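Chemist: Grabbed the feature section from TrEMBL, which reads as follows:
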DOMAIN    223-475  domain 'Chorismate-utilising enzyme C-terminal'
ACT_SITE  243  active site, proton acceptor
ACT_SITE  292  active site, proton donor
BINDING   336, 471  Mg(2+) binding site
Ligand SMILES: C=C(O[C@H]1C=CC=C(C(=O)O)[C@@H]1O)C(=O)O
């Protein structure tokens, strides 16, 4: 069945040892593609083929950079906060996208129909390998989309053509393709092997070099942030709602076209204990380092995080501890945090059994800031998929407010800009329903020389506009440093 002479022809000219190894590896894919071709013709519709193999040590950041020429504008990256999982997606076998309020179920339905006739080989990989979707959602599908976010749908997931996945130190490379009934599987096999060889070879040669950078911050109307915080705190005191998270955006104009690979490298080096993410859509790139998990599913175990209430890090260990202690004892921050725990508890208790939540928050420290933190775990109910849980939780009061509907309406009316994917769920999930989502804070949208950064604060009745404004500066810091050490003085 398999036309192996194609591959013999293609591999001719490589070193003998490499030829044998490449041939053995490509054979599996070739056979799978041949079976897929048959299935696609029989069904008269495209069939998803997903083939995974183990690969030798390669730096995921170099692999991401290696995709620049072949797959520019079509790259994704994800790392969880302890770097147990790292994913690099290059190229797209397919984008699963939806707009409007039913985006969660629309994505789930389309993903299921792609999987129905899929050929996945081998089936027993670690959970981050194989057919995996990487992407995210917008914050508010009812907010009119701005030009800035034009290339980001309300739900947009990339099924990578090539997926490098690292989990617990094991590296795999997956090739995904939606094989058309009239497509030559032989040509696809040759192209896949060619691309994989190029990417691996480039990634092994390449280290991401950091170039000096300078830029100018354009902070438009900082007073308007003071005004909306004041107004929202007033509404809260009058009892209209309990909490709202208000954000502002800021532009940074760099003196060069920004390289997502370099920004990612700096985030990677500087932001331990944060989720890292990159989602390119054409000439735009959404990138960040978020400390906040929304929800993770592994088997039937669900984990979420309440993260709200903030204070800067200290300059000495003693000062750091004092600030942490002050945060733990601060009434305003404890109220902000308690509202988040209350909402996530409700969501977990309606969807899970065995829900466990500690009584009091602990501190979660990242490079520039410390937060109040409460972990939440539970056992998923029979109908509780990961995306259903994402939908149930988004936005938590750490990103939207409480009650949910009133706070999102207030944000829509008062904030004065489109959040796009800022503060929304971003992450990945696989064909078995496992995966993880974080919330896209400490983030920015890159477009050529410009970066648009976002930061927000939880507002309660006794919030002070000056200190909330100062807090946004602390929250801008991770992205400002990652752009190459831009500071507040660069205005
Ligand atoms: C909305 C943001 O942070 C949220 C997450 C943690 C702590 C927060 C706070 O203390 O206000 C915010 O709720 C942001 O960084 O843009």
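Residue numbers in this text run from 1 along the chain shown.
Backbone N, Cα and C atoms are what each Cβ position is placed from, and that goes for glycine too.
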Chemist: For the residue listed as 'active site, proton donor', just give me the three-state DSSP call.
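Modeler: In three-state terms, the residue listed as 'active site, proton donor' counts as coil.
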Chemist: Could you give the Cα-Cα distance between residue 292 (active site, proton donor) and residue 471 (Mg(2+) binding site), in whole Å?
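Modeler: Here the two Cα atoms are 17 Å apart.
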Chemist: Looking at the recorded positions 292, 336, 471, which one has the fewest other Cβ atoms within 10 Å of its own Cβ?
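Modeler: Each of the recorded positions 292, 336, 471 was scored by Cβ atoms within 10 Å; lowest is 471.
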Chemist: Neighbour count, 10 Å Cβ-Cβ cut-off, for residue 243 (active site, proton acceptor): what number do you get?
Modeler: 25
Chemist: Rounded to an integer, what is the Cα-Cα distance in Å between residue 471 (Mg(2+) binding site) and the residue listed as 'active site, proton acceptor'?
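Modeler: If we compare the Cα positions of residue 471 (Mg(2+) binding site) and the residue listed as 'active site, proton acceptor', the gap is 17 Å.
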Chemist: Looking at the domain 'Chorismate-utilising enzyme C-terminal' (223-475) alone, can you tell me the average pLDDT?
Modeler: 97
Chemist: How many Å separate the Cα atoms of the residue listed as 'active site, proton acceptor' and residue 336 (Mg(2+) binding site)?
Modeler: 7
Chemist: Per DSSP, residue 243 (active site, proton acceptor) is which: helix, strand or coil?
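Modeler: It is in a strand.
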